[in-house]
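Pulled from Swiss-Prot:
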| type | residues | note |
| --- | --- | --- |
| TOPO_DOM | 1-6 | topological domain 'Cytoplasmic' |
| TRANSMEM | 7-27 | transmembrane segment |
| TOPO_DOM | 28-229 | topological domain 'Lumenal' |
| TRANSMEM | 230-250 | transmembrane segment |
| TOPO_DOM | 251-261 | topological domain 'Cytoplasmic' |
| TRANSMEM | 262-282 | transmembrane segment |
| TOPO_DOM | 283-324 | topological domain 'Lumenal' |
| TRANSMEM | 325-345 | transmembrane segment |
| TOPO_DOM | 346-366 | topological domain 'Cytoplasmic' |
Amino acid sequence: MLIVKRFILWVLLFFMAITQLLLYLPDFSCSISTGLPLCTPQFNVNIVTGSRTTKDFVSSVRQFLRLISYLAIDMGWSKYLADPHIYNEENLVDTFDTDNLFKINYFGFCKKTSGKTKYCVANGDCGMDVLGILVRDVGLQLGRLTQRYENNTRILGDSLVFTYHLGLSSMRKFLRNDNYRNNAFSKLLLATDDQPYSNTRIKNYAKGVTVAYTLVVVNKIMFYMHLAEITISAAFVVAVLGFGFVLIFGKHHTIMPLLLKGWGSVLMVSSTSSYLATIVYLGTLKLLEPTEMLDTQSQVAGHVLNNDTHSNNWDLLQTTVGSGFVISCFRYIVQCLMLPLVFIAANRYTKAKDFLPAGTEELIKV
C-alpha cells in the first residue's frame, strides 16, 4: 500500500510526459505520399498576386516554367512524347498557380490542387522555407516530365533546391556589392524610362532577395532547434522512467530528482524557444500577404493601384494557421503544466538533508 501511494504522483507525471512526447508525432506528417498520407500542417500557403511587383514576378516565372516544360517534352526527355495531350496546360509545371495549396510542416509538405492532395514529400533540413518548397515543387514536377527521373523525382527536386540556395547567395552578394557602385549593374538590368521607378524596383528586388535568404537561414536554424527539442523530450521521458524505477527501492533519493529537474527545465527552455520562433515566423509570413484594406481604400479614393507605393511590395503569399500549429499550442500548454509537477515530484522524493543548510543536521542531533 505504501508503494502504491509512493507512485501516485509519479504516474501523473509519467502520463503528462508521454502525452507531450506523443504530441510531437503530428510534426512528422506531410512527408510521405505512400500508405495513408496524413497531414497536420503548421500552416497553409497559397500564391497570390497582390501587387505590381508580384504580378510581374509570378507572370515571368509562369512563362519560364511553361518554357522549360515544353523544353523537357520537345527534347525527348518525357516518356509521353507521343501523347499529344502532354502539351495541355494541366500537364505542365503549375507551381505558381493560385489554386494550389501547400500544407507545410516541420519535416515535409503536401501539395493540394482543387481540393485533392497531389503528393506529400519530405523537405530535408530546409524545414518550413516556403520559397524553397516552391522551388522543390518545380523540380518534382519536372522530374515527372523527364523519363530519366520518373522513378525518383526527388533527385531533381533536391538539385533545384541546392541550385536555388547557391543562386540566392550569389545574388545577395551581387546586390550588396553593387550597392557600393551606386547600383550601376542593377540599373542596367532593371532600368526603365522612369528613373525614380527604376530605383524603386531595384530596392524591391533587393528586399525580395534579402527576405528569401533570411527565410533559408532561419528555417535551417528552426529545423535543428525542433529536432533538438524532440530529442530532449524523449530524454525527459527516459528520465521520468528512471525516476520511477529508483522509487521501487526507496522514497527519497539524491541524483534522480536532480536529473529530473534538469531535463524538465531544459525541455521547457527548448520548447519555449521553438514555439516562439514558429510564432515569429508565422508573423513574418503574414507580412508577405496583400493588405486588402489598403487596396480597397486606394480604389475608393480614385487612385490607380499601379501608382500606389503599396503596389510595389512583395505581396506574394497568403498564410493560414494549420491544425499542426493548434496541436503545438496544446503540447506547449501541457509542458507548462508539467514543469511545476516535475519540481513538486522531485522535491517530494529528495532526501530531506539535501534541503538543510550546512550545520543544521548537527543541531538537530543535539
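The backbone N, Cα and C atoms fix where each Cβ goes, glycine too.
When Cβ distances are compared across the two stretches, the transmembrane segment (7-27) makes no contact with the transmembrane segment (262-282), since fewer than 3 pairs at least 6 residues apart fall below 8 angstroms. Sequence-distant neighbours of the transmembrane segment (262-282) (same chain, 6+ residues past either end, Cβ-Cβ under 8 Å): 42-43, 128, 218-219, 221-222, 225-226, 228-229, 232-233, 235-236, 239, 319, 321, 325, 328-329, 331-332, 335-336, 338-339, 342-343.
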